[in-house]
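These features come from TrEMBL:
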type	residues	note
DOMAIN	A:4-180	domain '3-hydroxyacyl-CoA dehydrogenase NAD binding'
BINDING	A:Gly8, A:Ala9, A:Gly10, A:Val11, A:Met12, A:Gly13, A:Asp31, A:Glu89, A:Lys94, A:Ser116, A:Asn140, A:Lys271	NAD(+) binding site
SITE	A:His137	site 'Important for catalytic activity'
DOMAIN	A:183-279	domain '3-hydroxyacyl-CoA dehydrogenase C-terminal'
Amino acid sequence: MALIGVIGAGVMGVGVAQNLAQTGHDVVLVDKDEQILKEALETIARNARMSRLMGGPALDADEILSRITTSVGVGGAAEAEVVIENVTENWEVKRAVHEELDKVCGPDTVFVVNTSAIPITKMASITQRPDKVVGVHFMNPVPAKPACELIPGFHTSTETVERTRDLLKAMGKKAIDVKDACGFVSNRVLMLTVNEAAYLVHEGVATAESVDEVFRSCFGHPMGPLETADLIGVDTILYSVEVLYEHYADSKYRPCPLLKQMTDAGLHGRKSGRGFYTYN
Amino acid sequence: MSNTAQGQILDFVRGRFPQAELDAAQDIFALGFVNSLFAMELVMFVEKTFGVTIPNDELRIDNFRTADSMAELVDRLARVAA
């Protein structure tokens, strides 16, 4: 089985590495920090243990971990046929990683950019292999989500897209084709929905409870937009809306003042104990 | 705070979902409240609060559907340990 490089051992990288290993792939998990890699393996073991409880398959944590090696620095991914990059959603950080990968990896290695925001064409432009760079927007938690967005850049070859689609299929994922545009489909629609829901609370049209109740009870969504905002992080939502606003220079993406105020006030959602709702 | 295992578990779940009205017999999986993050929190809460280690073959949805079923699991594990 071909070696897959997973770059970045944060939440997304850990999920991608686990998903690959539990579907029989050999993985090298790369980060710049030894301690983060150690914690990543512990998280994967814990997640594997939890799999059945989430309605997933019964997983053998030892078997999964036996397929994952770790490496400090991207040199460990030199032999990989495909690398999936999951570092911080920040252009400068991603740029530096892709420049390094481009030097280290063989000319045929496909670079998958896991992002919800960074344009794939722009990312590909800093490598010498724009035909082999493709975007995939994985959803969190990766092993539990049945689908993802697959985003070719301007120069991405059909072969690269199909190789990536095959890999995603082997991971148990349906790839949904989306063109390269800031926010793709998921964030364009979700962030506007959350932003508009925040406006409704801001204007006093409805309480957060009522907004979410409409989505849960009338539309059958498992969660309303403001519960979702608390889960993702109110600050992250604001940041994402601001990215769309700046990118498209379109006033329909203007961030709701309530999101700004909540972010300034430290009401970041579940992770801070309070957002649109209060958590113990 | 409640003193019974069932009450403590229910307080924990209510704390995470303050907008819902829950009782000890309600199936939180059927209500769609349990995502992987919350499932992990739930298992860690039960293990830490009651000083038990839940064996892998007990990490089944049926043991975690309701505050009642989780309290039963805690009781069963405590007996095995005793």
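Including glycine, each Cβ sits where the backbone N, Cα and C put it.
Highest local Cβ density among the binding-site residues A:Gly8, A:Gly10 belongs to A:Gly8, counted as other Cβ atoms within 10 Å over all protein chains shown. The helix, strand and coil residue counts that DSSP assigns across the domain '3-hydroxyacyl-CoA dehydrogenase C-terminal' (A:183-279) are 65 helix, 3 strand, 29 coil. In this structure the C-alpha atoms belonging to A:Met12 (NAD(+) binding site) and A:His137 (site 'Important for catalytic activity') are separated by 10 Å. Each residue contributes its Cα atom, and for A:His137 (site 'Important for catalytic activity') and A:Gly10 (NAD(+) binding site) these two points are 15 Å apart. Sequence-distant contacts of A:Asp31 (NAD(+) binding site), defined as residues of its own chain at least six apart whose C-beta falls under 8 angstroms from its C-beta, comprise A:Ile7, A:Gly8, A:Ala9, A:Gly13, A:Leu37, A:Ala40, A:Thr70, A:Val72. Per the record's binding annotation for NAD(+), residues A:Gly8, A:Ala9, A:Gly10, A:Val11, A:Met12, A:Gly13, A:Asp31, A:Glu89, A:Lys94, A:Ser116, A:Asn140, A:Lys271 show a top Cα-Cα distance of 25 Å.
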